[in-house]
Amino acid sequence: MQSYGGSVNYPPSFNNPKMEHGRNSYRRKGIDMGNIIGDPFALATTSIATLSWIIILFGSIFGFRDQNDGSNGAPVIVWPTYSWFTLVFNFFLILGIFIVIASDSAQTYHVAIVGYLAVGLVGSTSSINNLIYSGVASMEATAAGYILLSMVTIIWIFYFGSAPSAVPRAYIDSFALTKESTLPAHHMSRQTMNHNGLSSPNAYGSYNMRPETSASGLQPPQMYTGQLNGLENPARQSQIPQGFSSNNIPKPQGEGEIVPPTEYPYRAKAIFSYEANPDDANEISFSKHEVLEISDVSGRWWQARKENGETGIAPSNYLILL
C-alpha cells in the first residue's frame, strides 16, 4: 500500500515563467500618465467629463446667485440644494476614475466604479430635471453641463461594466498603446494558468497538470510516467495487473502534436501581441493588428495560420473575428 505523504513531481510547465508573470500582474504600479495619454478613449472621456464639471461649477455659482424668493414680485426661482452634493460627488468620481485608469487598476475596482457611476447618474439627471426648466440662463447652462456629464457617465458604465473579452471593449482597447502589456496579463491570468498546467481541481484537491492545447477543445489521451506517490486513484490501481507499467505501453507517434487542418474559413485580427510558449511546439507567435486565418472558433485556443504559412494554436481572447 502506497503512502500519501510523498511529493509530487510536476511537469516542467508548472514552473513556467508565464505563470509568475500572471501572478505579478496584480502588483499594480503607481500613476502613469502614459495610461491616459496613450489611450484615446480614456483621454477623450476624462477630458469631456472634466470640461462638463467646470461648466457645472461656474453655472452653479451664478445660478445660486440668480435665484429669487419672489419678494420683488418676480417668479420664485429656488436653487436645488442637493445639486451641491452632486457637484462635489462628481468631482471625486471623475478624480477617482482618472486615478484608476492612470494606475491601470480598472479591473480591480470596476465593480465599485460602476456602482458610484450609477449614483452619480441619478444625481445628475435629477439636477437636470430641476434646472433645465428654470428659465434662468445660468441654471440652464448648469443643466447642459449635467447632460454632457451624464452622457459620459453612461458610456463609462457600459465600458467598466463589460468584461475585457467583450467585443466592443476589446475593440476600444485595441487603440490604446499601453493596454498591450497590461490588459492581457489580467485577462489571461486564469486561462494562462490553465494552459501552463493548472486547471480545475479534482476530487483529491490537486490540479490537472495538462494544458489545453487543442483548437477544438478535444485532445488525445496523454501518458505520464512521473510518480505521484499517493495521488493515484485507488480504484484504478486495483484494476492494473502487477508488472504492468506505462513504460511497457508503446507511445503513439507524434503525440502532443496537432495535425493542422486544410481549411481556414475564418479570419481574425490580433488585438494584442502574443509570444508563443517555447515549451509548447503547437503555439504560434503573432503581433498586434496581424490578421490570421482560423479553422475553428470553438474552445479557448484556435487553430490559426499566419500569412507566411506558419500554423499553430492561438489564444482566442487575443483575437477578434473579422
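Residue 1 is the first one shown; counting continues down the chain.
Keep in mind that glycine also has a Cβ here, set from the backbone N, Cα and C atoms.
The annotation compositional bias 'Polar residues' is assigned in Swiss-Prot to 1-16 (among others).
Per Swiss-Prot, topological domain 'Cytoplasmic' is recorded for 1-40 (among others), and the stated evidence type is sequence analysis.
The region 'Disordered' annotation in Swiss-Prot covers 1-20 (among others).
According to Swiss-Prot, the feature transmembrane segment maps to 41-61 (among others), an assignment based on sequence analysis. Sequence-distant contacts of the transmembrane segment (41-61) (same chain, six or more residues past either end, CB-CB distance under 8 Å): 35, 79, 83-84, 87, 90-91, 94, 97-98, 101, 138-139, 141-146, 148-149, 152-153, 155-156, 159, 172-173, 175-176.
Residues or ranges marked as transmembrane segment in Swiss-Prot: 82-102 (among others).
What Swiss-Prot lists as topological domain 'Cytoplasmic' is 103-107 (among others), and the listing cites sequence analysis.
Taken from Swiss-Prot, the feature transmembrane segment applies to 108-128 (among others), supported by sequence analysis.
Under the heading transmembrane segment, Swiss-Prot lists 141-161 (among others), citing sequence analysis as support.
What Swiss-Prot lists as topological domain 'Cytoplasmic' is 162-322 (among others), and the listing cites sequence analysis.
Feature annotation from Swiss-Prot assigns compositional bias 'Polar residues' to 191-250 (among others).
Positions annotated as region 'Disordered' by Swiss-Prot: 191-261 (among others).
If you take every residue in the topological domain 'Cytoplasmic' (1-40) and average the pLDDT, you get 58.
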